[in-house]
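These notes concern the structure reproduced below.
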Amino acid sequence: MVSPGCDPKGLPAAPPEGARTLVGVLVLALDTATPAVTAGVVELTTAPSDPPTVRATRIAHDARKHAELLMPGVLAACAEAGVALTDLDAIVTGTGPGPFTGLRVGMVTAAALGDALDVPVHGVCSLDAIAVEAVEAPVTGNLLVLIDARRREVYWAAYDDQARRFDGPHVETPAALAARLPELGVGATAGGAAEVHAGLLGRPVLSPAAPSPAALVAVAADVLRSGAAPEPLQPLYLRRPDAVEPGARKRVSTG
Amino acid sequence: MSAVVLGIETSCDETGIGLVRIDEAGTATLLANEVASSVDEHARFGGVVPEVASRAHLQAMVPAVRRAMRTAGVRPRDVDAVAVTAGPGLTGALLVGVAAAKAYATAWDVPLYGVNHLAAHVAVDTLQHGPLPPALALLVSGGHSSLLDVPDLAGPVTPLGATIDDAAGEAFDKVARLLGLPFPGGPHIDRVAREGDGAAIAFPRGLTGPRDAPFDFSFSGLKTAVARHVEALERAGAPVPVADVAASFQEAVVDVLTAKAVRAARERGMDTLLLGGGVAANSRLRELAQERCDAAGLRLRVPRPGLCTDNGAMVAALGAHLLVNGAEPSPLELPADSGLPVTDVLVG
Ligand SMILES: [Zn+2]
């Protein structure tokens, strides 16, 4: 069996013998809101009861190299899935919250690919994708998802046991967040910062640490199946840019 | 046979998208030059705020590419290569352009060229004045002040000197603020200085002593001298002659820039001097450079102001020259390098 590889402009090779015809959509899922540089090819059928099927995933871990690793990861995932970029029907990207520089890499990659391939790009909250996978484990009470926001803060959101977000996303110190746990009814935590602050939060830690391609597509499944036009992509920064307006002029002369 | 190159520039506060066509003979033609600037968002901070610029790049990228394609009447399948500024510049800002360029190049299945911003400032002149002979380039902007020996666009560049403190454009911004003029300061100083006397105040010419580095620049001392002058007047309760101060400051800057550039060109045996960067739009710089080039028997080339400031056409122009020269494309792992040395015209 010959893999058609991932020649972006090449004609889609004939499907391997015995391969079934797609009856849904082929989605490229990206997320760079955490140190994980995530790319995956996911198939979504039209039947609402079917979970997304992962065809290939590439995850690299380097919080400083999102831009270097993402497109190679996309191509490797396409190659493994045996699809060309031009076979994709849609793109789903995490919109954060997450450290800004890395977050933008995934979002601009998704936006530019969508434009170049003429396919829709759907944004989903990255924390929602973590939640949707975390609630596969039995949870008593609500779920808190938290990831690193640098500057000794975390991005967080709270979910019920069906992964429906009821608070957040916010950015806050872990101590301030810990004080909210009773009012949020948190029974378990998930996300990259959950393990780090497990002692402070005192709740069981569930996987995953970062959004997976299947979970990103699961969050966008309804809108993907409906064929509705995507909302404009909006990054969830949750913080204003660091900048101070200059005050009074400083004197250079002494005396 | 000709080729079309898309250029993406996001090293500072301009999201620049350019489209350039180049023929086999190496003649490059400008097809589109879309610039979305976030300069107004930075004005109240008195300088470019990196995070504000990066956010604006993300919002502007795809719409700017679409506008450029429409303006040029170019379809995606007409594009033969994508070039992008890989450095130097603001890291977060560069990354937006680099990531977008990779996505477009990969989706369209064309080569990717990660290029040097400074070399692109030189290459852009070919869009207006045709093929470039070996030249001495003076690049001056809010981010850089450099003298470069450029024997060939696609080949290695030799840096002869650069600023050791503030960039020339930065000095314009700071002095403008001192004089109560808006950001960015360059155009305002230029305008106000026309009403003033450039010889009214003898401001210092930095690094022009016999033992100073002949081709380096320093504008920090000049800026301080202007501040002291203004403060002394204010302390004495005297009115500040804004036009004279602006003109005298500007004269000090362009005097040093042009003197060093002309001297460098002669020492290197070049007969062409090229100006580039945002400050090259300064009318007094153009005027004095022309005077001194005429006196020294040098040919002066200055692109029109819209090509001097940061833009995507300059990146596309350099990419186009690299493409016709058969340069090896950059790998998909291309990083953004905020401190990319000017000797690296193309990031391999
Ligand atoms: Zn520049």
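Quick reminder: no glycine exception, Cβ is built from N, Cα and C everywhere.
TrEMBL does not curate its annotations; it predicts them automatically.
Residues or ranges marked as domain 'Gcp-like' in TrEMBL: B:30-316. Look at TrEMBL and you will find B:His117, B:His121, B:Asp310 tagged as Fe cation binding site. Annotation comment: TrEMBL describes B:Leu139, B:Val140, B:Ser141, B:Gly142, B:Gly143, B:Asp173, B:Gly186, B:Asp190, B:Asn282 as substrate binding site.
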Position of peak Cβ density within 10 Å, selected from the binding-site residues B:Gly143, B:Gly186: B:Gly186
Distance-selected binding-site residues near ligand 1 (C-beta under 6 Å), from B:Leu139, B:Ser141, B:Gly186, B:Asn282: B:Ser141
Number of other Cβ atoms within 10 Å of the Cβ of B:His117 (Fe cation binding site) across all protein chains: 27
Rounded inter-Cα distance in Å - B:Leu139 (substrate binding site), B:His121 (Fe cation binding site): 7
DSSP three-state assignment (helix, strand or coil) for B:Gly186 (substrate binding site): helix
Across the domain 'Gcp-like' (B:30-316), average pLDDT on the 0 to 100 scale: 96
Where B:His117 (Fe cation binding site) falls in three-state DSSP terms: helix
DSSP three-state assignment (helix, strand or coil) for B:Leu139 (substrate binding site): strand
Cβ within 8 Å of the mean position of the Cβ atoms of B:His117, B:His121, B:Asp310: remaining residues of the chain near Fe cation: B:Glu9, B:Ser11, B:Thr85, B:Leu118, B:Ala120, B:Leu139, B:Ser141, B:Gly143, B:His144, B:Gly276, B:Gly277, B:Asn311, B:Met314, B:Val315
Same-chain residues at least 6 apart in sequence whose Cβ lies under 8 Å from B:Asn282 (substrate binding site): B:Gly186, B:Asp190, B:Gln250, B:Val254
Neighbouring C-beta atoms (10 Å sphere around the C-beta of B:Ser141 (substrate binding site)): 26
For B:Asp310 (Fe cation binding site), the number of other Cβ atoms found within 10 Å of its own Cβ: 26
Extent of the substrate binding site in Å [max Cα distance among B:Leu139, B:Val140, B:Ser141, B:Gly142, B:Gly143, B:Asp173, B:Gly186, B:Asp190, B:Asn282]: 18
Cβ-Cβ neighbours of B:Leu139 (substrate binding site) (radius 10 Å): 27
B:His121 (Fe cation binding site) CB neighbourhood, other CB atoms within 10 A: 32
Inter-residue C-alpha distance, B:His121 (Fe cation binding site) and B:Gly143 (substrate binding site) (nearest angstrom): 12
Alpha-carbon spacing, B:Ser141 (substrate binding site) to B:His117 (Fe cation binding site), which is rounded to whole Å: 12
